[in-house]
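Enquirer: Reproduced below are the annotations present in Swiss-Prot:
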- 32-98: region 'Disordered' (REGION)
- 52-62: compositional bias 'Basic residues' (COMPBIAS)
- 185-226: repeat 'WD 1' (REPEAT)
- 217-243: region 'Disordered' (REGION)
- 230-242: compositional bias 'Acidic residues' (COMPBIAS)
- 250-290: repeat 'WD 2' (REPEAT)
- 297-337: repeat 'WD 3' (REPEAT)
- 342-382: repeat 'WD 4' (REPEAT)
- 389-428: repeat 'WD 5' (REPEAT)
- 451-494: repeat 'WD 6' (REPEAT)
- 497-528: repeat 'WD 7' (REPEAT)
Amino acid sequence: MGADNELSEFEKQRLANIAERDALLKKLSLDAQSSGLFPPKSARSSPGGQTKPKKKPPPKKVKKEDEHPVPRRMSSRLRGLAADSEVAKRKADEQYEAAQQAERAKRVRKSDAFSFSEMLVSGQKLSGDSLIGVDVVTKGVAMPYQRTFGDEDIKKTTDKELKALREEMSGLRLWEAWEPNRIKLTPERIYTMTFHPSEAKPLIFAGDKMGNLGVLDASQEKPTSAVKQEDDEEDAEDDDPDPVLTTLKPHTRTISSLHIHPSKPTHLYSASYDSSIRELDLEKTTSVEKYAPESTSDDIPISGIDMAPDDPNTLYWTTLDGAFGRYDTRASRRSAVATWQLSEKKIGGFSLFPTHPHFFATASLDRTMRLWDIRKLSHDDPVPVGEHVSRLSVSHAAFNSAGQIATSSYDDTLKIYDFGSKGIAAWEPGYTLSDAEMKPDTIVRHNCQTGRWVTILRPQWQANPQSSIQRFCIGNMNRFVDVYSSSGDQLAQLGGDGITAVPAVAVFHCSTNWIAGGTASGKICLWM
C-alpha cells in the first residue's frame with residue numbers, strides 16, 4: 001500500500017508538472033499572437049487531448065480560356081521514326097538544300113534589261129533634263145576627330161603656290177542644306193562613288209554592298225515652310241524634310257565600281273560582284289547588261305572597271321580571281337572578250353594611264369603593285385613592265401594624267417610612283433623596269449586599318465585639276481577626308497559637325513573642287 005501511495009503521489013506530481021508546462025506554453029503563444037509575430041492557428045482535438053494544426057487545402061488553379069498549349073519537342077521515337085532514319089535525314093537535307101537554293105537565287109545576277117520602275121527601291125523618278133545640265137598616324141589606331149593637319153601647317157608653308165592651294169582646299173565646307181547623318185544615300189554600306197562630270201551642279205552616285213545604287217542631286221535647296229503655328233508638333237517633321245534621293249537596284253550583289261565616260265555623260269557603267277557590268281541610261285532611266293560570263297552559274301566577281309578617255313566603247317575590268325579583261329561592246333561577245341590571268345590572288349583595284357591607256361596598273365592581295373603594257377601582254381605568260389612588292393597587301397593603284405600612280409596598302413602607307421618623269425609616254429612595247437626603278441618616289445604614313453565593317457581606303461585623283469598641282473583624296477580613319485599632292489604634301493583635312501562615321505569612300509569631281517565621302521551606314525558627306 002505504501003508503494004502504491006508513493007506511486008500515486010509521484011503520478012500526481014507528474015501530471016501537475018505537465019499542466020503547468022501546458023499553461024506556460026499557452027501563455028507564450030497568446031503573447032506572441034498579441035504582438036503580431038504569427039497568426040493564430042485553428043486547433044482540432046486529438047486522442048491525446050493535444051491540438052494539431054489544420055492542413056490548408058491547395059489553391060485552386062484557374063484555367064485561362066485563351067491559353068494555348070506550349071508546343072513541345074518530340075523525339076523521333078514519338079513521331080514514329082526509327083533511330084538514324086533515312087527519312088529524317090532526307091527531310092533535313094531537303095530543307096537545308098531549299099534554304100541554300102533560295103539564298104543563291106537572291107545572289108544570281110539578272111541579265112534582263114530593267115526599266116526604272118523595275119529597279120526603283122525608293123525616291124523620285126530621275127529626270128534627264130535635271131541630270132545633264134605628310135601626316136603621321138599611329139598604326140591601326142583610329143582617334144575620332146583628332147586632326148593631323150590644320151591651320152598651323154598652312155601658315156608654315158613657304159611655297160606660295162602650295163600655300164594658295166592648301167588655303168583653297170582647306171576652305172571647302174560641308175554642304176549646309178543637310179547634316180551628313182541625314183543624307184542616307186544607300187540602304188547598306190557604300191563601296192564605291194562617283195560624280196557626274198557636269199560642272200553645273202553636283203550629282204553624286206553611290207553603290208552599296210547589296211547592289212543598290214543611290215543618286216543625289218546636291219543642287220537642291222532645303223524647302224522653307226510657311227508661317228509655322230506654335231506648338232504644332234504634328235507638322236514638325238513636314239517642316240524639316242530629308243533631302244530628295246533616288247535608290248535603284250540594278251545588281252544583286254555588291255557594286256564595286258562606277259564609271260561615267262566623259263563623251264557619254266548620260267550613261268553610267270556599274271561593275272558588281274554578281275559578275276556583270278551594266279549600263280544605266282540616265283535619260284531613258286533604263287539599265288542593260290553590257291558584259292557578263294556566258295553562264296549565270298559562273299561566279300566571277302568584278303572588282304574594278306575603267307575606260308580609256310578616247311574610247312567610249314571598250315570596257316576594261318579586273319576580278320577577285322586575279323584576272324584582267326577587255327571587251328569592245330560594238331562587237332559580238334565571244335569574239336571581242338579578251339582576258340589575262342595576271343595574279344593568283346585578288347586584284348583589289350586597277351586603273352588605266354589616261355593619256356596612254358595601253359599602260360595600266362594593278363594592286364593585288366599578293367602585296368604587289370604591277371605596271372603592265374597591253375601591247376605586249378601574253379595570254380599564256382603575262383610579264384609586267386615592272387612590279388613593286390609591299391610588306392602587306394596593296395588595296396588600290398590609281399593612275400593620273402601625269403603618269404603618276406598612288407597606292408594604298410595595309411602596311412599603313414600611301415605610295416606615289418612617278419613614271420611620268422621616267423618617260424613613260426615614250427616607252428616602246430616590251431620596255432621593262434628594274435626593281436630599283438619601280439621603287440616609290442614618295443611614301444606617306446597613313447592609317448589604312450579599316451577592319452571588317454569599314455570599306456577599304458582607296459586613293460582617287462582629280463582627273464582634270466585646275467592648276468599644275470596634281471591632287472588626290474582618301475578617307476581618314478579619324479573621320480576626315482585627306483587631300484594630298486602628287487609630291488606627298490598634304491593639302492587639306494576635311495571634316496565638320498555631324499560626321500558620325502568614317503567617310504571611307506572618298507571621290508573628287510573630275511574638274512571642280514567638290515569632294516564626297518561615303519560611310520558604312522550609307523550616308524555621305526559633301527564638301528564644296
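Cβ atoms are placed via backbone N, Cα and C, with glycine included.
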Enquirer: Cβ under 8 Å to the repeat 'WD 6' (451-494), counting only same-chain residues 6 or more beyond its ends: which ones?
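Expert: Beyond its ends, the repeat 'WD 6' (451-494) has Cβ neighbours at 134-135, 137, 142-150, 153, 161-162, 165-166, 169-170, 172, 189-191, 348-349, 354, 395-396, 398-402, 404, 406-408, 414, 416, 418, 442-444, 500-511, 513, 515, 517-518, 520, 525, 527.
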Enquirer: For a three-state summary based on DSSP, what are the helix, strand and coil counts in the repeat 'WD 2' (250-290)?
Expert: 0 helix, 21 strand, 20 coil
Enquirer: Below 8 angstroms Cβ to Cβ, which residues of this chain, lying six or more residues outside the repeat 'WD 5' (389-428), approach it?
Expert: 137, 139-140, 348-356, 359-369, 371, 373, 437-438, 440-449, 456-461, 463-464, 470, 472, 474, 484, 486-488
Enquirer: So, does the repeat 'WD 1' (185-226) come close enough to the repeat 'WD 7' (497-528) to give 3+ Cβ pairs below 8 Å, pairs being at least 6 apart in sequence?
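Expert: By the criterion, they touch.
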Enquirer: Report, as numbers and ranges, every residue of the chain located at least six residues beyond the repeat 'WD 4' (342-382) whose Cβ falls under 8 Å of a Cβ in that stretch; write 'none' if there are none.
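Expert: Contacts with the repeat 'WD 4' (342-382): 303-304, 306-311, 316, 318-324, 326, 388-401, 403, 405, 407, 415, 417, 419, 424-425, 427, 429-431, 433, 438, 456, 458, 463.
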Enquirer: Which value does the mean pLDDT take for the repeat 'WD 4' (342-382) in this predicted structure?
Expert: 96
Enquirer: Just give the helix, strand and coil counts over the repeat 'WD 1' (185-226), going by DSSP.
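Expert: Secondary-structure composition of the repeat 'WD 1' (185-226): 0 helix, 17 strand, 25 coil.
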